[in-house]
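One structure is given here, and the rest of the page talks about it.
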Amino acid sequence: MTDTAEEVSRIGSRWQPGPDGLLLDVRDLQVEFRTREGVAKAINGVDFDLYEGQTLAILGESGSGKSVTAQAIMGILDSPPGFVTGGTVEYCGTDLLKLPESRRRTVRGPEISMIFQDALSALNPVFPVGWQIAEMFRKHRGMNRSDAMREAVRLMERVQIPGAQQRAKAYPHQFSGGMRQRIMIAMAIALDPAILIADEPTTALDVTVQAQIMQLLADLQDERKMGLILITHDLGVVADVADRIAVMYAGRIVEQADVFDLYANPGHPYTKGLLESIPRVDLKGQELSAIGGLPPNLLAIPPGCPFHPRCRYAQDVCKDGAPPPLREVGRNRYAACHFAEDVLREGAHQ
Amino acid sequence: MTEAATEQSIAPVGDVPSASAGRSEWSAAWVELRRKPLFWVSAVLIVIFVAMAVAPQLFTHTDPRYANLADAFKKPSTHGPLFGMDRQGRSVYARTIYGARASLSVGLLATVATTILGMIMGLLAGFFGGWVDAILQRIGEIFFTIPLLLGGILFLYKFPTSVDAPLIVQVLKIVFVLALLGWPNIARLMRGAVLQVKPSDYVQAAKALGAKPGRIIFSHILPNALAPVIVVATINLGVYIAAEATLSFLGIGLQDPAISWGSDISDASGLGEITAAPHMLLFPSLFLSLTVLAFILLGDAVRDAFDPKLR
Amino acid sequence: MVRYIIRRLLQMIPVVLGTTFLIYTMVFGLGDPAKGRCGERPCPPAYIAKFNAEYNLDKPLVLQYLLYLGKLVHGNLGVNFYGNDVSQELTTRYPITIKLTIIAILFELVVGIAAGVLAGIRKNGFLDNLVLVSTLLVVSIPVFVIGALAQMVFGVKLQWFPVTSTQGTLGQLILPGLVLGSLSVAYVARLTRTSLVENLRADYVRTARAKGLSRGRTVGVHTLRNSLIPVITYVGADVGALMGGAIVTERIFNINGIGNFIYQSIYNHDGQSVVGAVTVLVLVFLLINLIVDILYGVLDPRIASD
């Protein structure tokens, strides 16, 4: 409960990424929520990795497990009811899941940090924003109040908040949505983390502001060579900034590919459905209308491929047994579908 | 918890029509309530106390006012007076049984009166807004500022109860003052609920279709606002029972020959009585506390049933 | 912030006027103020006339009230029927009741918040259930029963505290203060717990964890301050109830504070004293509520800025 643990890590050695720049290696991650209604399998074996300077977009509709994945990596799942039940999350070669909480805390902020969808509720309403940013320096770097505040103002200037010096004393509710998200970003990059996880960073914002925030994130990543995990349900948002995309459905990654490959020719019927729905509906939140049916209830995920009740390629083989594994279906691209090749071929002809 | 599994089961449909939302909320609450053992404990206790209040003869044949000085301060025993005798040689058991009537009638009537008054005021303030709202709010604040006990004491000082007044008159007097000072609480709640429901689409639609204010209130606003009011009202019941006992304890609530736990406790709590005859204090206190407890438990259970998040 | 305070002050004016008018009307405007002044018999007309003239009771009610208010502003609460200066009576008794109330409030804040926090951070754990059950018991047992029991157990049997507190010294007031605050301590504990549990689920708490802050800091700094906002509001409103409850506590322990004064004045049909004491009590209550409102604005910047 004291700050000594943070003290120790500050002196300790800095984490070093692998020789190829590998930062994060997630293998077979499993998370469940134990609720009164039963056990909900929120994540069922997620694999991905992230390199320095890379942007990985995790795409999925709400309930697909994308935010839970992020929280499990950060170690901030609400527990109970959420529990990590399996897998590894290796950061610079160390499995974070095996670290004691006191060590793990020193990773959050200086090494991996996170910004959230709704900055208004994610910032503490009763403290000035400058104070909240400065807290990072005070608690992780042991700076005194005035030095920490100077750093906070500098960061606010970096994320282009006009009048940062005065505005640092203002409270979150006194800012516009876009400015608040900039403050969240300033707080997250304060300690120059190697990885930034952005959970739906622009969903709550106006379209024009969305573009500015995405640009800011891209600039910051360029400048600091961060690994960026961008969680979103909005295909439009990721197209410009992401290098790689992982599409999640019912707690699994169903397709993973480089962004151009995936856009050009999806390898999973779900991804295909998502892409097909874009041009028709321009409004956010409705792009799933082209896929019939509803996402599965996580308390009772259908046997076989969880997507089969909504899939137009579905055949008997999809309806029971184990879900199809994520397998290599092309150069550096993976899909979890029995008929991935058919889907790809069909796309190539169009 | 943004993607907690529970959210999955809720289909992404738009606004559910109000009437069915209200009804399903109530039946869901009832299902929730039925599962709670504490609800059943409190319900059984309340039924027993209500039976005591309605028909005390079922529980005792002894006249609670019959005094025999020879038996004064007699200790409780299994083959004599079960709860012992008081200073004047009256049966503590019989008096404790008969005391339920005063406490429960004050509690129930005061709750009903407060709730009705508060709901009307809150509805008027919330529905009409503007200066009606401003005036009602200020009036509410004025009554809210006077502490319940102080106001009760002032009022009963000004209109003392004569010794020969029938029980119901004495009770109504206390009910009146409790309701007078207690309504702002409910009114504030009701006003908030109305303001929350008023801008919603179905109320606006009803208005646009030319529905009369009365109809909008009864079919659209009331069903949605009732749940929190009921929760607070149940919790208040215990408060009012305790308030009556306190006023009677101070000697300005119910007057002899009316039997009240509060005045019996007052009789028993002199230092001499406490040491000589603790049973005089114990039994009425126990019954009073159990009654208050039963209503608090009921209130808690009802609140949890309507708002399961809280536990 | 200054504008917020000014606005609160302006809003207070109608409430102060309304409340004092209501009290005045209740005592002097309704029924016969001279009733009970001459024992069981009705008073002779000459006495009533003199009585009414002396206390301005022959004038219209609103005028009476304004005259009273004018005197009140100058700290003059009039002379009661026994020829004693009411203001002076109150000055000697007020410190005792204030001490008693402060003990109760401190008890309420320290024990209540501590119990609530312990219960809230481990929801449904052993401490949570212990706090839940014990607060339930305290809430169900009326204060006057707790008072009588405490007097018997700690005063008479164990002799830890004096049985009565006639002089109103601090040592004598501790037990009555604890009794007076017992009900509120239970409410504060439950309120703190509920509020803490609710706030621990808030998004900004998750942010605090994502910032790598220790659990102590996440709860103690980031959650507690938000959670205490409703608690402070409750305690502010509770001051009135505590001062009302002082009547009961002061009677049980025979303390010569305002509560006992009001009680005795009621028995002696001393309207002037009753109105004076209750009015001052309500004014103090309103003043404390103003302070709480300002504190509220400090604790929650969202309130003061709009």
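Residue numbers in this text run from 1 along the chain shown.
Any Cβ shown, glycine's included, is placed from N, Cα and C.
Feature annotation from TrEMBL assigns region 'Disordered' to B:1-20.
For B:38-59 (among others), the entry in TrEMBL reads transmembrane segment. Within its own chain, the transmembrane segment (B:38-59) is flanked in space by residues 94, 97-98, 100-101, 103-105, 287, 290-291, 293-295, 297-298, 300-302, 305, which lie at least six positions past its ends and keep a Cβ under 8 Å from the stretch.
Annotated domain 'ABC transmembrane type-1' per TrEMBL: B:100-299, in sequence order.
When Cβ-Cβ distances below 8 Å are used as the criterion, the transmembrane segment (B:108-132) is approached by residues 140, 171-172, 174-176, 178-179, 182-195, 198, 213, 217, 221, 229, 233-234, 236-237, 240, 243-244 of the same chain, each at least six residues removed from its ends. Annotation source TrEMBL lists transmembrane segment at B:108-132 (among others).
Long-range contacts of the transmembrane segment (B:139-159) within the same chain, counting only residues at least 6 positions beyond its ends with a Cβ under 8 Å from a Cβ of the stretch, are 121, 173-174, 176-178, 180-185, 187-188, 243, 246-247, 250, 252-253. Annotation source TrEMBL lists transmembrane segment at B:139-159 (among others).
Annotation comment: TrEMBL describes B:165-183 (among others) as transmembrane segment.
The feature transmembrane segment is assigned by TrEMBL to B:221-243 (among others).
Long-range contacts of the transmembrane segment (B:281-302) within the same chain, counting only residues at least 6 positions beyond its ends with a Cβ under 8 Å from a Cβ of the stretch, are 29, 33, 36, 38-39, 41-43, 45-46, 49, 83-84, 92-93, 95-96, 99-100, 103-104, 107, 230-231, 234-235, 237-238, 241-242, 245, 261-262, 264-265, 268-269, 273-274. The transmembrane segment annotation in TrEMBL covers B:281-302 (among others).
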Which residues of the same chain, at least 6 past either end of the transmembrane segment (B:221-243), have a Cβ under 8 Å from a Cβ in it?
18-19, 21-23, 25-26, 29, 103-104, 106-108, 110-111, 114-115, 118-119, 123, 127, 148-149, 152, 178, 182, 185-186, 189-190, 193-194, 196-198, 203, 288, 291-293, 295-296, 298-300, 302-303, 306-307
